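S.K.: Supplied in structure tokens, the structure appears directly below.
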Amino acid sequence: EFNALLLLLTLSFIPILTAYSFIMTIDPPLLFFWILSLFFFIKYLENPNYKNALFTGIFIGFGLLTKQTMFSFLVLSALYLLIRKSTLFFKKETFLLFLIALLIYSPNFYWNYTHQFLLIKHTEEHFSRKTLSIYSFLKFLVDSIGVYTPLFLFFLYTGKVYTKNFFRKESPESLKFLYFLSFPVILGFILLSFFIKLNVNWILPFSLTGFLFFFAYVSFSKRWKILIFSNLILSLILSIMVYLFGYFPDKFPEPFQVLLEKFRGWRILAERVEKYYNGDLALVADRRDIAAVLSFYVKKHPEVYVIQFESYPKNQYHLWRKTNTLIGKKVLVIKKGFSAPFYLENLEKVDEITIKTTKKRYKYFSLWRGILKPRN
């Protein structure tokens, strides 16, 4: 109970989870289904009946619909059964578990099949930011310690210590699975960070699983208690700072303000666009973030088009509204930067928009009228 209380308090004040309490992305729902899948899969390992298989399959399926990271849970859980419990892997209940998950995901698979497997292209793009740098590795490691607290290092240490116990029979099955779903994966990401620029949120579900492993494995000696309580105090301070930063970003130094730069200035941009947009011309953007904020902030809530530069769609706007229906028509274009849009002819610059986002940084946009040309 003491370990559980410490775990609850620690997770409550991890900075990245604090940020997700007021910034909505697809990661919070992923975590919801990840934890439920983890809970019921461990129950299935302990009691492999149809009920536990059913709930595990349902929550894995919903997780798959949330974010592609959930595929790792599906693959790793199957691999774990093959390595550790091969007889259980071939049971009818296990077949049902994975079948339910895949059936729930099947509409999404069919959609990808009919749209050039955009999921694969999207994931491939994430891993195309190649580098070979010690800086990339150090940045990923330091950022991970920052957003997950030094508990991240404690977990890596205990994971290394536990590795030799993984194949021992006396180790609890639940502990083995928590280890298998966290330490090897995160270690792989750390090594990969030498070669690819990674985002720290990509390891979020694995890190939380690792923290569950850490608190389940460690017997809290006096030294560990001091470290955990120190980390808890640090987490609390960092969480308070995150909340204050969200409410009063201007009070923080310039390097911190840059972190919120992508969220600032959009209302001003929308007000400038409203001066020239009356609904007569289609509103076209060159980026999905511009389209999203204009759809929200412009009072008429226009249906914004987004130019598709590749042969396949890269975001939802390319699917909702096709810019090829506007070819040969006069449109109003809002784009990042001041350079002329190459996809317009007979163009006229309407306005240049400069928005201050921090004391030293600005965003630049330009507004154009012209005839939309066919894509080459």
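Cβ from N, Cα, C; glycine included.
According to TrEMBL, the protein has these features:
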type: DOMAIN; residues: 4-111; note: domain 'Glycosyltransferase RgtA/B/C/D-like'
type: TRANSMEM; residues: 6-23; note: transmembrane segment
type: TRANSMEM; residues: 30-46; note: transmembrane segment
type: TRANSMEM; residues: 58-83; note: transmembrane segment
type: TRANSMEM; residues: 95-113; note: transmembrane segment
type: TRANSMEM; residues: 133-157; note: transmembrane segment
type: TRANSMEM; residues: 177-196; note: transmembrane segment
type: TRANSMEM; residues: 202-220; note: transmembrane segment
type: TRANSMEM; residues: 227-248; note: transmembrane segment
S.K.: Counting only CB pairs under 8 A, let me know which of 58-83, 95-113, 133-157, 202-220, 227-248 has the most with the transmembrane segment (6-23).
M.R.: 227-248
S.K.: Please give the sequence-distant neighbours of the transmembrane segment (177-196): residues at least 6 beyond its ends with Cβ less than 8 Å from one of its Cβ atoms.
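M.R.: Distal contacts: 38, 41-42, 45, 72-73, 76-77, 80, 84, 127, 129-134, 136-137, 139-141, 155-156, 159-160, 162-163, 166, 202-203, 206-207, 209-210, 212-213, 216-217.
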S.K.: Across the domain 'Glycosyltransferase RgtA/B/C/D-like' (4-111), what is the average pLDDT of the model, as a whole number?
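M.R.: Per the prediction, mean pLDDT sits at 94 for the domain 'Glycosyltransferase RgtA/B/C/D-like' (4-111).
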S.K.: Quick check on the domain 'Glycosyltransferase RgtA/B/C/D-like' (4-111): DSSP residue counts for helix, strand, coil, in that order please.
M.R.: 90 helix, 0 strand, 18 coil
